[in-house]
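Q: Please find one structure pasted underneath; my questions will follow.
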């Protein structure tokens, strides 16, 4: 007898079906560019927000507009009949009045529009992007100069707002960190000899502590409300407006919407005029800076909602395409049953269990290597640079962690870049 092992049966060439992967192509494409998905989702939500706002304002303001048109038509007809003036001639006269109104002419005595104080008020509304519209350049030279002046003025003012945002966030973080240290010291978690910047502070529970965006939002919101209430009290007593109209003017001005239906400091003379104009300037300056900072903090919350919605959509897509977590993954061939494959391996003298364990080890090793490479090259250079600069300026530890997770805030520009790693919700470790 021959000592040779029995020759295995000839292997049939069978066409293998594609093996279903855990993450299908649609899931992979959904993760390619999360920023694009966030942008598209935000654009869709803004569109829905505009539709909802237009519906509400149309329902609230449309009846009043119809009544005002009816009253104005009746008044015009009565005046034309009472004074014997033809209605077309009366309308032509009203068009001349509208042109004079656009040029700054008013029926009541108002302050000059283009003296130095009036021009200073105008350029202030230009560079702050408020743009009330009560004063506009009428000459060609004035319009041409406004284009160049507004280009650099608006850019410089936006930079000023961003620097103000950086300072106010740093100040709030410093105050809240001091309150946190005091609370920990009272509870006995910090020794009485604790000093910021020491080695103990870096190893203790305050290492890398950052204020929550909700606390910053609450503080900025309370300060904005207090500022608007104080300014409204001044406008009510000096301008003679209702308190609700004064609050409305404060929001329209501080948010740089600037409708122009209500404009402060437009009368020819005021009691304590110099003091009032100074107070008006300071209130508008502080209000615009505060509301700008508040808007940027609110944008962080909106971005968190967008990230949550994207995660939900991604998880829903993955649950349709991928097996449930914890389910055993079958490594059988789609054509050859497992029993036949085991018999063939036994005929070849190969242990199926050892073969599976070896393949499993190689697969896990490959996954670990790929995950390690992915973590090392996960766009951490810019985020780490911003984190180091921010933590150096705020006294945070300089420990560098390369295992940063993309939360949608790292590597931002503008106001989001300024608040990067300064709040708990914009930290790269979240």
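For all residues, glycine too, the Cβ spot is worked out from N, Cα and C.
Annotations for this protein, taken from Swiss-Prot, read as follows:
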| type | residues | note |
| --- | --- | --- |
| BINDING | 131, 258, 259 | K(+) 3 binding site |
| CARBOHYD | 78 | N-linked glycosylation site |
| REGION | 256-261 | region 'Selectivity filter 2' |
| TOPO_DOM | 1-38 | topological domain 'Cytoplasmic' |
| TOPO_DOM | 166-212 | topological domain 'Cytoplasmic' |
| TOPO_DOM | 303-430 | topological domain 'Cytoplasmic' |
| TRANSMEM | 39-59 | transmembrane segment |
| TRANSMEM | 145-165 | transmembrane segment |
| TRANSMEM | 213-233 | transmembrane segment |
| TRANSMEM | 282-302 | transmembrane segment |
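Context for these features, please: burial, neighbours, distances.
A: In the three-state DSSP assignment, the secondary structure recorded for residue 258 (K(+) 3 binding site) is coil. Other Cβ atoms within 10 Å of the Cβ of residue 258 (K(+) 3 binding site), summed over all protein chains shown, number 17.
The Cβ of residue 78 (N-linked glycosylation site) has no same-chain neighbour under 8 Å that is 6 or more residues away in sequence.
Beyond the transmembrane segment (39-59), the same-chain residues lying 6 or more positions past its ends with a Cβ under 8 Å from any Cβ of the stretch are 302, 306, 309-310.
Only residues 6 or more beyond the boundaries of the transmembrane segment (213-233), in the same chain, are considered here, and those with a CB under 8 A from a CB of the stretch are 168-169, 172, 176, 243, 246-247, 249-251, 254, 283, 286-287, 290-291, 293-294, 297-298, 300-301, 423-426.
A Cβ distance under 8 Å defines the sequence-distant neighbours of the transmembrane segment (282-302), meaning residues of its chain 6+ beyond its ends; these are 42, 124, 128, 130, 161, 164-165, 168-169, 213, 216-217, 220-221, 223-224, 227-228, 230-231, 234, 250-251, 253-256, 409, 415-416, 419, 423, 425-426.
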Q: Going by a 10 angstroms cut-off between Cβ atoms, which of the binding-site residues 131, 259 has the sparsest surroundings?
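A: 259, out of the binding-site residues 131, 259, has the fewest neighbouring Cβ atoms within 10 Å.
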Q: Excluding 131, 258, 259, please set out which residues of the same chain place their CB within 8 Å of the center of the CB atoms of the K(+) 3 site, keeping sequence order.
A: 125, 130, 132, 133, 252, 256, 257, 260
